[in-house]
Structures are given as structure tokens and as C-alpha cells.
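Novice: Just dropping this structure here.
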Amino acid sequence: MGEDTNDDVPTPPPHQHPHRGFLPDHNYVTEADIISTVEFNHTGELLATGDKGGRVVIFQREPEGKTEPFSQGEYNVYSTFQSHEPEFDYLKSLEIEEKINKIRWLPQQNAAHFLLSTNDKTIKLWKVSERDKRPEGYNLKDEEGRIKDISTVTSLQVPVLMPMDLMVEVSPRRVFANAHTYHVNSISVNSDCETYLSADDLRINLWHLGITDRSFNIVDIKPANMEDLTEVITAAEFHPFHCNLFVYSSSKGTLRLCDMREQALCDKHSKLFEEPEDPSARSFFSEIISSVSDVKFSHSGRYLLTRDYLTAKVWDLNMENKPLETYQVHDYLRSKLCSLYENDCIFDKFECAWNGSDSVIMTGAYNNFFRMFDRNTKRDVTLEASRESSKPRAVLKPRRVCAAGSKRRKDDISVDSLDFSKKILHTAWHPAENIIAIAATNNLYIFQDKLNSEMH
Amino acid sequence: ARHSITLSTSKMAGADGDDSLYPIAVLIDELRNEDVQLRLNSIKKLSTIALALGVERTRTELLPFLTDTIYDEDEVLLALAEQLGNFTMLVGGPEYVHCLLPPLESLATVEETVVRDKAVESLRKISQEHSPVDLEVHFEPLVKRLASGDWFTSRTSACGLFSVCYPRVSSTVKAEIRQHFRTLCSDDTPMVRRAAASKLGEFAKVLELDYVKSDIISLFTALASDEQDSVRLLAVEACVSIATLLPQEDLETLVMPTLRQAAEDKSWRVRYMVADKFSELQKAVGPEITKNDLVPAFQNLLKDCEAEVRAAAANKVKEFCENLPEDSREQIIMTHILPCVKELVSDTNQHVKSALASVIMGLSTILGKDNTVEHLLPLFLAQLKDECPEVRLNIISNLDCVNEVIGIRQLSQSLLPAIVELAEDAKWRVRLAIIEYMPLLAGQLGVEFFDEKLNTLCMAWLIDHVYAIREAATCNLMKLVEKFGAEWAQNTIVPKVLGMANDPNYLHRMTTLFCINALSEACGQDITTKQMLPVVLKMSNDQVANVRFNVAKSLQKIGPVLDSNALQSEVKPVLEKLATDTDMDVKYFAQEAISGKLVFPPPAAETSLYVRFYRSGKPDDHAVFLSSSTVLSLIAFVVHADVLL
């Protein structure tokens, strides 16, 4: 299918409303501020981002019906905390970055919220809770901490709890360390709510959320001799409701579906999804651009969405030999692979996302552009997340990139003027509504469907 | 008795300006100290605070405060949940016990499982202290609130409370409770269904038989075919309790279809659970069903495609065979079980083989001499030659069963090479394990065989390069002497041990001292005084300080065995000389020995060590857990090596 062939805006049109700059006062981008992951919780009420500085920022959606007319549904900072610190592995003389690779929320179990965050090596479980009462009354000192004269203490006083301003507390609950030799790229919570998996380049481990000193290795693709290494694990995820199924993608463009019921070790997959290579299109870059950078189960559990360098693909779990749908994200880059290889952009890992009803998929591109594809109407759109183009409550205009050689229309951008340093790698879609979160380097943009907001 | 000490505190605390108010005031203030440890201490002394406040203020002030302190650290909450289970008297007795429900209710909803479980445990405890009326007025509404709570933490907690109130409430309330339990069994979240499944058996026990048949069975069937593996496997456990409750004639229709299904479940974890609970299931369903159903099911589990399941089943082989009905036991084993066992001996997975090796010897008692010689012996011999040391060790550690049936001579020719190989294994933990079986083997093989074949090994271990092995070897000698007697010791091992005192390696010289420490008591006064003591005393001139201070320690250790004459005339001068040694440590230990303060724990307690192998991706890639005493001895080894450098 073509690229931006429609002049009318495809559905759903994600008119932006409102936008929030993450750390908006920074005019320059420090490395630590670059957002490295974005994730909504299961209700969409909270949104968490992680950055290269090891920080996690949680945004909360304001309750509807506030005094300001447009504030409804707006996401505001709820809590910020330092999840990971830089470390040094003395045995291997390696620095361990504090960069948050992934965040996953746990299904809510009581009034508090829980999330898992991981850097390259260590996964942490955090509790986010609210407190609105504090104890008052000491026997031996006053509230300022001054010691009382003991002779004045004639009766015992039990502290009482008094209301106070709401305080959000974040506390570390568990640290799952020392189980990964390589870099952790994915974590995924199982539908049984008691286990989760963590995947690195060569292995996938299964953990119990309550046990930190033991994990089970379920996939190991490390060859006996590292020189025989031809493939690495790039992403892994559990099925949304079949607790026994998980999928992992590889740098060779394949997906493997494993069933934990069959064996304790899932080295043998139950399904292998792979598209046969087109020999005529083979080039030096074929293998690099076919590497899967992200895999996501659809909410229905029936489909898999994958992203490789140039395309997004939808696979049906029941069809292993080819994808059901293939979407060109930025096919105009096919002729520029050489320079993208030279500036390392070809190794960028773009993520992808489903909308709540699995009818639209979204993924990022360069020049702060991101793409949406409607699976039913086959319409697609390119949008831009930038401060200039997205004033609060303005409607996002579709953008169009004009491939080299083709006729250029007004407002079109030529491939040669794309800014490859502005890339949108991380995106997230609200689980039920048309609200999307886009991480563009150090900025987080939250766009909301206009129709949707008017319905409120 | 609980009040005898503290009643007076209560009185004093009430008096104005009394000094005794102070410690209580500190305790109360520390309930909200920044330091977790102080808060924890305070919570652990909650009964003291409550006594000081009196029952009235405990109810109206302390408990409301505690109800809202669920923000605290887990360890504080855990301590609180535990304390409240014993608080009935402190709130005014059974009449007021319901005052404890609010704080325990809020603790029963926290996310930390251990805290919730403790809160439920305390709730179960205090439920017994409720009068039947209070149970319906206060306790049962709490259970209902938890059962219909918004969060699954509260619903999981409710699952554990139904069985304690059910027997003591009216029939209307009973019907409600059954309904609540039913609802939780089909809860949306797997967490709650798991909690319900794990309490199903317990709940079934308190239900009237009719309701077991009408309600429980349908719940059981539903949970056993839940979409989540983790729920289905818990239903297997419930199966045992339910089968025990039902009359034999109902089992076939009500329980067996589900059990059959579980034994063939698609998920290996469920089949593993069946294998793991097999003996309990076998007892619960009785001999007839065992013969017709469980035998083929067990065969399948032994041949399962997943090694974890085979290993779990292999572990149960002996128990299963033991519990077979006597009239057909031998026939079933010979025709159905043994063929599977034979296959397992050459299984591809070492954990399966080693699980089998730990129980296979037990079959000989069941099958008797002839069958053992003809059918089992070849299997034992094959396992003794297995490539995996754990398999061989497990066979050797269970030799006693075979010894009783056929005598060990039949095995000894194969046994010896196996033992020698293990004794020289490159992994020190394997060597350590075989040393621990030496006393047992020696007892069964007899002194003659031992002297001829194994004595050299035992002595060789004394100069092993790993300290833990040398230490275990010392302890082993002590046990051998206890078995074979002092005379044997004098003739066979004492000369060799004492000979090492002249070894150029100071570590070996120290081993002499350690052996003397261990052997002196078993060898008795005569040998100790006449043969060992002179060697020890001579070593006090050793040039290595480590040897000298160990002389001081040894002298203290063997002191009680020596006669007082030798102590005064020979030991004391040497210790006094060592007490003026140039080395600080030698001085210290000599002085300790003179004042007789140091008492060393017997070495036997120090050698207990366990090694657990965890399954992981690669066969050699196992995690090893050592007891702290081993870690200490490893550190000790490092320190000595330091001295050597």
C-alpha cells in the first residue's frame, strides 16, 4: 500500500489535545533526559515514562469535570523517582547504565499501584501509594521535636492520625538482580499475576513476583561457542490471557511462540513465524533491516504486531508462513540505507503499539514523525510531534514525505531534509481510549482524539 | 500467668508523674519513630503498651491508631498482625474481641502475602474466641466485606476465613457463606481463584456431606479445568482432601474423571503436581481405584515427556509400591512398575536418575531377596556406574535397605570402584558427600573389608587440599573410632595421624592436632595421655605460629580426657610457655586455655552441610547453596593460605 495517498485525514484522527512538554524548560537536550520507555497502566489512568537518567515519571489523568473546561482528561505529573543508578561491574570492568529499558505495570491488586522497571541488568518492583493521614502526638517531645520536661508528662498519649495533604509515596519492594549476563530488552507480566519474564539478548528467565533469589531459565539460545552466534533475542512478551504462551522475536526477523505447558525448558518453540525472503530484494542490508525491534500481542490475543526497520507487520497466530498485513512505515528510506548504516540509524529500535480495539496500529519514524495505520480502511497517516506544530488544543496536520524523484507538493518534506536525530522510538496507546503518548527525545507528547474529548 | 508480671506496671503507669510512665511513653513514641528497627521493637512490645493503657484506652485509642498504620514496612506489619492474634485479653476478653477486627481487616488487604497470611491466621485464631452471636454480628460481616472487596488482596484473604466460621453459624448464614465461596471460585482474577482452590479442601472438610457432593464437587471440577495452569494444579491438592471425605462408591463418579484429566493435563506443571501428590492421592482413593486407575497413570508419569514430571514420579516409586494392596503388590510391581523403572535407570536427565537412585534401594525390602538379586541388583549396579556423581551417591547413601535383604557382599565388588571414584572426584563437594557416608559404609561392610580397601582413602582425605574435606575427614575418623573401638584406632589410625606431625607442610601438621581434638574422647585417657599428648607437647615448639596456637587450643580440648597429674606436670608448663610467646594469637589462645574459658563446639555440628542443585538451562550451570558454617570454613582456608604466602 502506498504512503499517505489519501488527502483526507484517516480515522481515527488523533487531534492533539493537549500537549505536554516533558521537562519543558530545557532548551538543550541532556542525554539523561532522553525518554527511553513509555507505558500506560491497565486502566489508562496512569502513564509512566523512564529515561536514560534512570528516572521514572508517573503521570496521572485528572478526573473529569474540573473547573477548567479543557483540563478534563489531562495528564499531570503524579510522582517522580529515581529507579536505577549507574553502577559498575567490577568483575567484568563494565559500566552498567541507569537507563530504563522497559516499564511494565502490574494489574492493580489494592489501593496502591505497582510497576516493574528494568535497566540492562536489574529489574525492580516499585509500589506507588498515596497517604493522606499522618500521626500526631508524642509523649516525650512536642511536634517540633523539642524534648518535654519529664515531670510534666503525667499521662500516656496515644498518637492520633490527622488528615494532611495528599502525598504520593514510591517505595522499592523487590530487586530482581544477578540473573542476566546480557542486556535486558523486555519484561512482561504473565496473566496469572504471579510470574513475569525478562529477556536479554540470549536468554529468557521466568520469575515469581514474590521471589527475588531464584529465577528459571526458560529459553537459552546461547551457542556453545560464541563464534557460532548468528541470532539474538530482541523482544519477548506474554500472551494477554493464555498464561502458558509467550512470544519472542529475533534479529533474524523471526517470531517464536512457546508453550510453557509442554516443557520446563522452552528451547523448542511450538510455532515459528517467518516470512520467506524475497531473493530479488536481497542486499547487504537485508538481514539488518529484517531484525524485529518490537513485538506486541493484540488485546484480543489473536494477532501479533511486529516492527522491523522499514515495516510494521501484523501476524495471525494461526498463520506462520507469512504476515497477514504489512505496512510500509518509511519505504522512501530504502534508497538511503547506506547512509543510515553509516550513521548507525539503521540499528534504531522502533517500538509499535495497538489501539484499544486492535483496529489501528501506531509506530514511530524519523523527523519526529509517527505513523498510524487503520487495519480496516487501510488508510494511514503521518503525524508530527513537535512543539511548533502542536499547540495545545490545535488539530494535528497530516504530514507527507516526498520520495526522491517524485513530484513535490506544498508542505511536503523531501527525504533529504528529514532530521534523523529526531526519532520517535517509543509510543504507547491508552488501553481503551484514543489517547496516545509519544516520546520524542526528551519531550513527551500526549494526544487525544478530539471527538472523544467532546463526548465527555 | 500472662498477667502476673505486668499488672503492676499497669497500676504504676496510671499514677501521676510516676517514673514507670517513662518506658511506656518511650515505647509509644517509638511506634512512629523514623527507624524501622525501633518501630518494630515497639510493635513487638505492644502487649506492654496495651497493659499500661488498660483495656478501655486500648480499645478506643490504640486500636484505631493501629488500624490506620498500614503504611508501614512489611516486617512491622507482620509483627503487628501476629501480635493482634494474642490480644483478646488485652482488649477486655472475649466479650470485646471483635474490637480487634478492624486493624486485622486492614492488614488482610495489604499487598504483601506474608502479612496478609499472618493477618488471616490471627483472624482465624480470634474467631474461636467469638461467641456464636458475636461471630454472626461481627465476624461474619467482616468475611463478607473481604469477600466482596474491590481489590483481590481482600478477596484472597476471605478465602481462608470461611472454614472457621462455617461450623458455628446458623443455617441461613451458612447458605450465604457457601454462596460467597462459590463466587470467589469463579472470580475474574487468577489470584483469587488460586486462593479459593487452595482452601477448597479445607472448606470441604467443614461442610455437610450433601453440600460437599452438590457444591464442592462442581467447584472442584470447574477449578480443575480452569484456563490458568496455576489454578488447575492447586485443584490436585484439593482432590486429596475431597476424596478422603467422600464414601468409596461416589469416588468413581465424582472425583475420578477430574483426577484422570489432571494426570493427563496438557501442562507439565499440573502433571508434576499429580506426581508430587501421588502417595496422598493413592491413600485417598483406596486400593481398588489404585489398581485400576492409578497404576496406569503412574506408569505414564514415569514415562512423561517432561523430565521434571519423571523426576517427581521417580521420587514416589518406593512409597507408591509400598502402599499397593498386599495381595497384588508383587505382581503389579513386577509387571507394571519395574519395566518403567528399568528405563529410568538410563534416563537422559540426571535429575531423574538421581531421584530414582534415592528411592530405588527401598524396593528390595518390598520385593524380597530373590527378586532383588534377579531384577534389582543389575539396576543398582548400573546406577553405581552412572556418570553423574549424585546418582552414585544416592545409591551408596541408601545401602542399608539392601544390606537388610541380601547383605552387602553381593554389591561390594561394584561398590568399591564407585566409592574410590567418588573419593577422588574433582569436585570437593562430591568428595565431602562420600566422606559423610563412610561411617555408614564401614558399619555395613565390616572392619575387615574397611581396613583392606577403604582405610587408605580415609587417611588420604586428611591431606586433601580443601580445608572442608580435611575437616570432614577428621570428623569421619572420630565416627569410625566410635564404631570400631579404641583398640582398632590404636592399631590402624593413631600411628598414621601422629606421623603427620612431622610433615613439612604446616597444614598437615595442624590436621594432626585437629584429629587429636576429635579422637581424644573416643580413644580414651590411656591412648590420649600416652600417645597423643607427647606429640602435641612437642609441637608447641613448631616454627609456625598457627600450629602453636592450635596446640594451645588442642590442649584445652583434650584437657578433660587427661588425668590431673599429666595436666599439672606436662600441660601447664607448656601452656605457660606459650602464654609468653612472641606471637599475639598464640599468647591469646594459651591464656584462654589456662583460664579454661573457651569451649569449642564439637566438630560434628560444624560439618553439616547441604548442597542443593537447581535446574537451569545448562547441565553444569547450577546454583549451589552452602550453609554458613561451610562458608566460614572456606574463609578459614583462605586465611591459612594467606599465612602460607
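Even glycines carry a Cβ here, placed using N, Cα and C.
These came from TrEMBL, pasted as-is:
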REPEAT    B:23-61  repeat 'HEAT'
REPEAT    B:100-138  repeat 'HEAT'
DOMAIN    B:100-281  domain 'Phosphatase 2A Regulatory Subunit A helical'
REPEAT    B:177-215  repeat 'HEAT'
REPEAT    B:216-254  repeat 'HEAT'
REPEAT    B:255-293  repeat 'HEAT'
REPEAT    B:294-331  repeat 'HEAT'
REPEAT    B:337-375  repeat 'HEAT'
REPEAT    B:376-414  repeat 'HEAT'
REPEAT    B:415-453  repeat 'HEAT'
REPEAT    B:493-531  repeat 'HEAT'
REPEAT    B:532-570  repeat 'HEAT'
Novice: Could you pull out which residues elsewhere in the chain have a CB under 8 Å from any CB of the repeat 'HEAT' (B:255-293), counting only those six or more residues past its ends?
Specialist: 217, 220-221, 224-225, 229-230, 232-237, 239-244, 246, 248, 300-301, 304-306, 308-309, 312-313, 315-316, 319-320, 323-325, 328, 332
Novice: In the same chain, who gets a Cβ under 8 Å from the repeat 'HEAT' (B:216-254) while lying at least 6 residues past its ends?
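Specialist: For the repeat 'HEAT' (B:216-254), the far contacts come to 181-182, 185-186, 190, 193-194, 196-198, 200-205, 207, 209, 261-262, 265, 267, 269-270, 272-274, 277, 280-281, 284-286, 288-289.
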Novice: Can you count helix, strand and coil residues in the repeat 'HEAT' (B:294-331) using DSSP?
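Specialist: Final tally across the stretch: 30 helix, 0 strand, 8 coil.
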Novice: Would you mind splitting the repeat 'HEAT' (B:415-453) into helix, strand and coil residue counts from DSSP?
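Specialist: Each residue of the repeat 'HEAT' (B:415-453) counted once, the result is 35 helix, 0 strand, 4 coil.
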Novice: What are the helix, strand and coil residue counts for the repeat 'HEAT' (B:493-531) according to DSSP?
Specialist: 36 helix, 0 strand, 3 coil
